[in-house]
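*Asks:* Can you keep this structure in mind? I'll have questions shortly.
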Amino acid sequence: MSKVAVLGAGSWGTALSIVLADNGHDVRLWTHSKDQAEKINSTHKNDKYLEIMIPEKIKAYSDLEAALNGVTDVVLVVPTKAIREVCHNLNRIVKNPVRIIHASKGIEPGTLKRVSQLIDEEMDNYNYEDIVVLSGPSHAEEVAKRQPTTVTVASINEEYAKLAQELFFNESFRVYTSNDVIGIELGGALKNIIALGAGISDGLGYGDNAKAALITRGLAEITRLGTYLGANPLSFLGLPGVGDLIVTCTSVHSRNWRAGNLLGKGKNLDEVLDQMGMVVEGVRTAEAAYQFAAEEDVEMPITTGIYQILYNNQKPKDVVEQLMNRDKREEMDDLATLLRNRYTR
Ligand SMILES: NC(=O)C1=CN([C@@H]2O[C@H](COP(=O)(O)OP(=O)(O)OC[C@H]3O[C@@H](n4cnc5c(N)ncnc54)[C@H](OP(=O)(O)O)[C@@H]3O)[C@@H](O)[C@H]2O)C=CC1
Ligand SMILES: O=C(CO)COP(=O)(O)O
């Protein structure tokens, strides 16, 4: 059994700690809040984030050095905007070799970097090839209740991907492996933009047809950008692609869907974020993807529309009208070319 530090005690860090504790590992759940650590240790609940009781053997820490003492694996689960800060501190403290698995879903605006690239930049002596990403259709609320869930762990280091699979795998948490770090990270990050769109569509009162269109054309957009950035397009048909799109675009558990729903009902971004109280990763990732699409001339009309709603106060109804009235085109034209180019290279 392994000693594991889970860094980030929000919904997902807590749910993943439960999976690891169920598997018999020694789990330290680190939070940047002393009060929260004390509350978790005394009540075995983390009720701002999850309703369920936490196994007593999970120990919460607010001292990062103490949490990391003697661990073999570090699971990073803070919001993307906190990854650099946490890795900077990790870099200062970690002396023994550890394996790093991250489960955060975002892209940094400005630099347009994925989470594994941020980790790589902040950690002096850690190989990019050894970073593992865990992603897939997995609402924390359901994982914490041990409901059947499937995810993928990806690393260029095949042995580390298999070790991560072993660490998390159990009868209600099925884990696949992959070597497509770019595809798995982009699938998880970009689906949040489309989930905002699905929430907006529901908030406007549109039906299943509109949502199915968003999911499908959203997948085309994700595949287009992802393949441009070096991902294996097949990854987008897998759990961290279409799987995660379905789970976030169709569920009230999704914070991105919920935030979109409020936007569709007429609230502005500041009001929505105040009300959410949890991370809505799609907001920053929409900014990053919009910047990228504009700079590299990659066609991302849904992302562009959502960016305009979030950052330029465009009315959701006007954006839908613009999307519906774009030039007529063939459904698969550019995607077919993209795939053909990739496989005939
Ligand atoms: N929830 C889910 O079902 C899933 C989430 N994810 C991803 O996991 C990541 C984390 O999400 P999730 O746990 O849901 O988010 P939550 O909003 O539930 O929790 C975020 C946690 O991170 C903490 N935090 C914020 N800033 C910092 C910082 N600078 N240093 C240390 N801790 C910090 C927050 O602390 P505080 O309480 O003080 O704000 C909180 O404990 C995201 O990238 C998300 O996309 C992936 C799959 C499923
Ligand atoms: O990524 C998730 C499920 O796989 C959670 O999505 P939200 O961040 O929208 O809640």
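Backbone N, Cα and C define each Cβ position, glycine as well.
Straight out of TrEMBL:
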DOMAIN    3-160  domain 'Glycerol-3-phosphate dehydrogenase NAD-dependent N-terminal'
BINDING   SER11, TRP12, HIS32, TYR49, LYS105, ALA140, ARG255, VAL279, GLU281  NADPH binding site
BINDING   LYS105, GLY136, SER138, LYS191, ASP244, SER254, ARG255, ASN256  sn-glycerol 3-phosphate binding site
DOMAIN    180-321  domain 'Glycerol-3-phosphate dehydrogenase NAD-dependent C-terminal'
ACT_SITE  LYS191  active site, proton acceptor
*Asks:* Would you mind sorting out which binding-site residues among LYS105, GLY136, LYS191, ASP244, ARG255, ASN256 put a C-beta under 6 angstroms from ligand 1?
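*Replies:* Among the binding-site residues listed, those whose Cβ sits under 6 Å from ligand 1 are LYS105.
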*Asks:* So which of the binding-site residues SER11, HIS32, LYS191, ASP244, SER254 sit close to ligand 2, that is, with a CB under 6 Å from an atom of it?
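*Replies:* Near the molecule: ASP244, SER254.
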*Asks:* In the structure shown, which of the binding-site residues LYS105, LYS191, ARG255 has the fewest Cβ neighbours within 10 Å?
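*Replies:* It is ARG255 that, of the binding-site residues LYS105, LYS191, ARG255, has the fewest other Cβ atoms within 10 Å.
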*Asks:* Distance between SER11 (NADPH binding site) and ASN256 (sn-glycerol 3-phosphate binding site) at the Cα atoms, whole Å?
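*Replies:* That separation, Cα to Cα, works out to 14 Å.
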*Asks:* Under the DSSP assignment, what numbers of helix, strand and coil residues are found in the domain 'Glycerol-3-phosphate dehydrogenase NAD-dependent C-terminal' (180-321)?
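*Replies:* Tallying H, G and I as helix, E and B as strand, the rest coil: 112 helix, 0 strand, 30 coil.
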*Asks:* If you compare CA-to-CA distances from ASP244 (sn-glycerol 3-phosphate binding site) to each of the binding-site residues HIS32, LYS105, GLU281, which comes out shortest?
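*Replies:* It is LYS105, whose Cα lies nearest.
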*Asks:* What is the interatomic distance between the Cα atoms of ARG255 (NADPH binding site) and GLY136 (sn-glycerol 3-phosphate binding site), given in whole Å?
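*Replies:* GLY136 (sn-glycerol 3-phosphate binding site) has its Cα 15 Å from the Cα of ARG255 (NADPH binding site).
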*Asks:* Given the binding-site residues ASP244, GLU281, which one is most crowded in terms of C-beta atoms within 10 angstroms?
*Replies:* ASP244
*Asks:* With an 8 Å cut-off on Cβ-Cβ distance and a minimum sequence separation of at least 6, pull the same-chain contacts of HIS32 (NADPH binding site), or say none.
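*Replies:* Non-local contacts for HIS32 (NADPH binding site): SER62.
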